[in-house]
Amino acid sequence: MATMSRQAYADMFGPTTGDRVRLADTDLWIQVEKDFTVYGDEVKFGGGKVIRDGMGQSQLPSAKVMDLVITNALILDYWGIVKADIGIKNGRIAAIGKAGNPDVQPNVDIIVGPGTDVIAGEGSIITAGGIDSHIHFICPQQIDEALASGVTTMIGGGTGPTTGTNATTVTPGPWNMARMLEAADCFPMNLGFLGKGNASLPESLSEQISAGAIGLKLHEDWGTTPASIDNCLSVAEETDTQVAIHTDTLNESGFVEDTIAAFKDRTIHTYHTEGAGGGHAPDIIRAAGLANVLPSSTNPTRPYTVNTADEHLDMLMVCHHLDPSIPEDVAFAESRIRRETIAAEDILHDLGAFSMIASDSQAMGRVGEVVMRTWQTAHKMKVQRGSLKGDPSEHDNFRAKRYVAKYTINPALAHGMAHEIGSVEVGKLADLVLWSPAFFGVKPNLIIKGGMIAMAKMGDPNASIPTPQPVHYRPMFGAYGKARQATTMTFISQAAMDAGIPEQLTLANRIGVVKGCRTVKKKDMLLNDWLPHLEVDPQTYEVRADGQLLTCEPAEVLPMAQRYFLF
């Protein structure tokens with residue numbers, strides 16, 4: 001029986017069971033848990049390789065074979081870290097397992113035929129496309145930036161660089177909602193829009209849901225009072241949509257206890273739950289310990305570094321239309337920036353009490369850094385806190401699964417999209433990202449939308465091969481024409497679907513309908529469902545979880561930073 005060394009095997013087919021892979025320049029290592037490919041019968045494309053007529057490629061017609069196969073990929077998802085071939089059919093993940101030709105190979109469940117294209121996944125890591133659940137739609141150019149970072153779904157609100165959108169993630173009213181839904185047809189990005197939730201009577205909120213909003217946003221700049229919270233959640237309960245909230249920093253209409261009371265145990269997504277992005281000062285972080293609260297962070301505080309606090313003050317003044325010459329405005333800004341709660345946020349992410357990470361794009365957040373900031377946080381916690389319970393010293397599989405869930409499956413669950421997107425699982429839209437391990441979380445190689453490459457690192461188009469410099473991200477064929485619309489989803493509410501909004505607006509994108517938004521709870525946040533009792537000292541801002549002080553030092557140096565970027 002022929003054998004080959006592990007190194008030679010990894011070089012040819014990628015790592016296999018027991019092999020470890022370092023994530024970029026972090027201190028994080030993942031280990032392959034299972035290999036679904038069959039030793040000796042692996043498939044690989046190229047001259048003298050396996051996927052050729054009569055060998056790894058069958059004679060079957062297109063109806064019985066995959067449209068696209070990704071070979072020998074290392075999948076990193078909340079459910080596992082496995083080596084497998086991935087079969088894609090009609091834009092969806094059709095199978096995860098062993099690809100090839102069943103006429104000559106055993107155990108084939110992904111059939112390759114003349115109608116099949118191939119992406120070589122050997123040596124690459126595959127993740128689900130990221131989901132950014134806190135978007136200010138200030139400019140459409142954000143979408144290219146996000147896509148190039150590995151994000152394939154954006155959830156939020158706005159209508160462009162209006163003063164309202166600069167500060168709040170709100171697309172207010174049916175007319176604005178219709179225009180944004182029409183604009184969504186132009187982008188290779190799944191989009192879902194939040195209406196304005198700040199009202200004390202239901203009619204103006206219900207009409208936004210019927211117009212296409214996937215949920216409502218409560219923001220303090222529009223007046224997040226207990227009455228508006230109660231009313232907004234009541235409308236959401238009737239329409240099976242989600243509510244996102246940015247609470248009252250100034251405690252004008254009530255304190256955190258009043259806001260929690262207004263929730264009445266109903267599900268709500270709390271944005272930037274630590275509070276630097278906004279929320280009851282100094283103790284909105286307490287909400288992360290509630291069973292009905294789905295807590296997320298935005299990336300400016302991810303992770304806590306020596307520069308975090310200083311950077312925030314200037315950002316805050318601009319984003320919330322504050323005047324540095326007005327003492328009250330300066331005091332408002334300073335009340336939101338607390339080193340103690342930001343430090344605690346790091347640890348609460350590591351322990352799974354904070355469930356999601358998003359950007360807060362151009363409104364105190366960087367739209368292209370959700371993935372990177374997530375893994376920087378994971379690295380910082382590994383360095384400062386060591387291995388998590390459940391991880392041996394050799395690898396960080398549990399921690400990696402916990403952190404990847406924060407920007408993939410958990411926001412999908414929170415916003416009723418997990419039946420369509422959010423993970424590398426059979427039946428879901430094939431929104432996938434290929435990474436070289438050395439560039440993991442920083443610069444993806446390929447971004448696949450609905451089974452077709454939408455963006456990629458690409459060299460000089462006039463060169464004789466694809467790789468010569470300058471190499472940068474360029475839109476691919478999946479980002480153009482009707483192909484873009486066939487591979488992209490616009491999400492709306494069931495009420496909007498029943499009202500015929502896609503037909504009324506002649507929307508061209510595939511339509512996804514959100515569901516299960518009112519039944520999802522913290523316990524459903526995969527690998528991120530811890531419910532500690534959180535307390536904040538009103539004088540020192542120290543945070544305790546179940547009585548234990550949560551504190552850590554700010555990072556002075558981070559991975560995934562200047563080693564990869566000039567600016």
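Cβ atoms here come from the backbone N, Cα and C positions, even for glycine.
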According to Swiss-Prot, which candidate in Lys196, Lys217 joins His246, His272 at the Ni(2+) 2 site: Lys217
Listed in Swiss-Prot for the Ni(2+) 1 site shared with His134, His136, Lys217, one of Asp346, Asp350, Asp360, Asp391: Asp360
Non-site residues, in chain order, whose CB comes within 8 A of the mean position of the CB atoms of Lys217, His246, His272 at Ni(2+) 2: His134, Thr168, Thr169, Leu218, His219, Ala244, Ile245, Thr247, Thr270, Tyr271, Gly277, Gly278, Gly279
Binding-site residues near His134 (Ni(2+) 1 binding site), in sequence order, restricted to His219, His246, His272 and a 10 Å Cα cut-off: His272
Cβ neighbours of His134 (Ni(2+) 1 binding site) where a neighbour is any other Cβ within 10 Å: 33
Alpha-carbon distance [Asp360 (Ni(2+) 1 binding site); His246 (Ni(2+) 2 binding site)] in Å: 12
Where His272 (Ni(2+) 2 binding site) sits in the secondary structure, as DSSP reduces it to three classes: coil
For the binding-site residues His136, Lys217, His219, His246, His272, the one whose C-beta sees the most other C-beta atoms within 10 angstroms: Lys217
Env. residues of Ni(2+) 1 site, Cβ within 8 Å of mean position of His134, His136, Lys217, Asp360 Cβ: Ile135, Gly156, Gly157, Thr168, Thr169, Ala244, His246, Tyr271, Thr298, Ala358, Ser359, Ser361, Ala363, Gly365
Distance [Cα-Cα, Å, rounded] between His272 (Ni(2+) 2 binding site) and Lys217 (Ni(2+) 1 binding site): 13
